[in-house]
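Lifted from Swiss-Prot, the feature list:
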BINDING   170, 171, 172, 173, 174, 175, 176, 177  ATP binding site
């Protein structure tokens, strides 16, 4: 662990005991002796006893109010706390377990293991504090490198950056969970890396479904999961992304592995920050959000990066309130993103998966300086054909295909083949389709789409392009179709 990466942690020698002077929901004011006031971000502990049941709760110091009183945010419900009750300073910030021990485990914000009920006690050898400095400038990887996924539509049209941040938009039922699992599988299989999942404000049911689906798919043991559920206090939902990120940083910095960090949902991180800000009595800014929204987002996002050749690549699900992209919460997130992947319900309804919308998805490295001229030219031509086809759909709906010019008919025909070819048999979808997944090298993807755009495959039926890997699969499927048709 490098000293540049670790936030300062208070010494045990100054740890003291304070007493609660006020409780307002999840906000607790505590008075400490004058000579042992703990610093901001220190974790405090106290015990709530109701009947015969005792529960230890953790609080995090957010403000110093003066007169030896600190204001803390509770990370568990405060029902049962009373004035005068003792609170113990732990002498350090919240810390979480790190290392291989985290794989195949489900954690809460403070690093307690949630899926070891009745099992053998697990010995945790190392913990890292969740408040850490981003890597120093001279530690950053200066190269902008493509993160190759082997998924054609992503690699060609919305390429991901190694160590970048990708925004993932998608409603229910469009294949978002399958895409998450697919990326986890591919990081483990093709990049020798691990995945960390942060459930920020997750519905408990959704989190449970995700765990069961990951176990079925065989990717659970390659993943660490950290949950701050929807029913938990805002302090928990605000910090859970930092807990997950800390685990990811260990794999990057100590294990020298590439990591995929999935955050669902980054909007709920902002929402939790807004709730905490209001509870602390800060004056709200635009649309009621916290005044330090940009700073809070920056603290999280600046730690997601590449260092010394190893990276944390982050896939962040983003909820857009009322589809208003100018809302401060999504607008602040967009400033940090390197690529956006939008999953389309209309494309999913046609059975084309991954249901990525090639025209609304974007990437900052879709540029010949980063990808090379051949990749850029092919991607631009494919997008132009799809855009022209979209414009012609209105004419087709009113007048029919026959009324189009010969040139437009060719464009529509090629666009349909491209749309079919953008679909792909994925490893995670095998249980639905019965078709083995495929990883398509980027070079093959560029050559394949270039040939389709040139018209080299105009003679091949559209159905031969559906849910296949490369052009070899298309030719094989086309031969089978021809045999069936005699």
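Placed from the backbone N, Cα and C atoms, the Cβ positions cover glycine too.
Those same-chain residues not listed among 170, 171, 172, 173, 174, 175, 176, 177 yet with C-beta within 8 angstroms of the centroid of the ATP site C-beta atoms are 343, 348, 355. Counting every protein chain shown, 18 other Cβ atoms lie within 10 Å of the Cβ of residue 177 (ATP binding site). Taking all protein chains in view, 12 other C-beta atoms sit within 10 angstroms of the C-beta of residue 173 (ATP binding site). Long-range Cβ contacts of residue 174 (ATP binding site) within its own chain (separation 6+, distance under 8 Å): 343, 344, 345, 348, 355.
Fewest Cβ neighbours within 10 Å among the binding-site residues 170, 171, 175: that distinction goes to 171.
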